[in-house]
Amino acid sequence: MEQYKRDFIEFALSRNVLKFGEFTLKSGRKSPYFFNAGLFNTGADLARLGEFYAAAIQASAVDFDVVFGPAYKGIPIGTSVSVALFNRYGIDKPVCFNRKEVKDHGEGGNLIGSPLQGKILLVDDVITAGTAIRESMELISANKAELAAVLIALNRKERGKGELSAIQEVERDYQCQVLSIIDLDDLMQFIEQDPRYSSHLPEMRAYRAEFGV
């Protein structure tokens, strides 16, 4: 596992963004772990979070022109990613985000920041049902731009109601790559190697066996 992945897991655990235990997801599914990126909520947290996204971008070598953060959670992520890319790697990319409600005065429209043009890197925390991606694709298509890739913090690598995960459905429907800072396999490797969390291994393995893709 790359060091930035291990560091990100430690960071998420230290902020209680990532927790092991027993949790009920919105779907009603019982999960042995929970991830809530909304708890990255200080300036220091967002600065570090942006650096992890930037590290994943560098590792993937994805080619893109604009960072797009869909409302609402994607807005601070997109901003922190663009700042981290510049501060860490000297890469200066424009950033754009949308508002949920169209504004009919001032600058108007539903996009703020850079024009949505060229190859778009969409950044968000997780993909649960893929709804935010589908809404974003309407904006990207309407602006005659192209979705280069999607980058999220965590890929749970679990199927939804069908055989595919929401991420696999996005990749299939939009012919794009979905990247992540970490995925379920990284989490499994981390707890297998760390005695602090090894007690959660049986539940994690059982969960992956039942719901994994």
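Glycine residues also receive a Cβ, built from the backbone N, Cα and C atoms like all the rest.
It should be emphasised that the depicted structure is a prediction, and the values quoted were computed from it without experimental measurement.
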Among THR79, THR128, which residue does Swiss-Prot annotate as binding orotate at the site that also has PHE34, PHE35, ARG156?
THR128
Environment of PHE34, PHE35, THR128, ARG156, the listed orotate site - residues of the same chain whose CB lies within 8 A of the CB centroid:
LEU25, SER31, TYR33, ASN36, VAL126, LEU154
Pick the one among the binding-site residues ILE127, ALA129 whose Cβ has the fewest other Cβ atoms within 10 Å in this structure.
ALA129
When you measure from the Cβ of LYS100 (5-phospho-alpha-D-ribose 1-diphosphate binding site), how many other Cβ atoms are you left with inside 10 Å?
9
Based on Cα distances to LYS100 (5-phospho-alpha-D-ribose 1-diphosphate binding site), point out the closest of the binding-site residues PHE34, PHE35, THR128.
THR128
To the nearest whole angstrom, what is the C-alpha distance linking PHE35 (orotate binding site) and LYS73 (5-phospho-alpha-D-ribose 1-diphosphate binding site)?
14
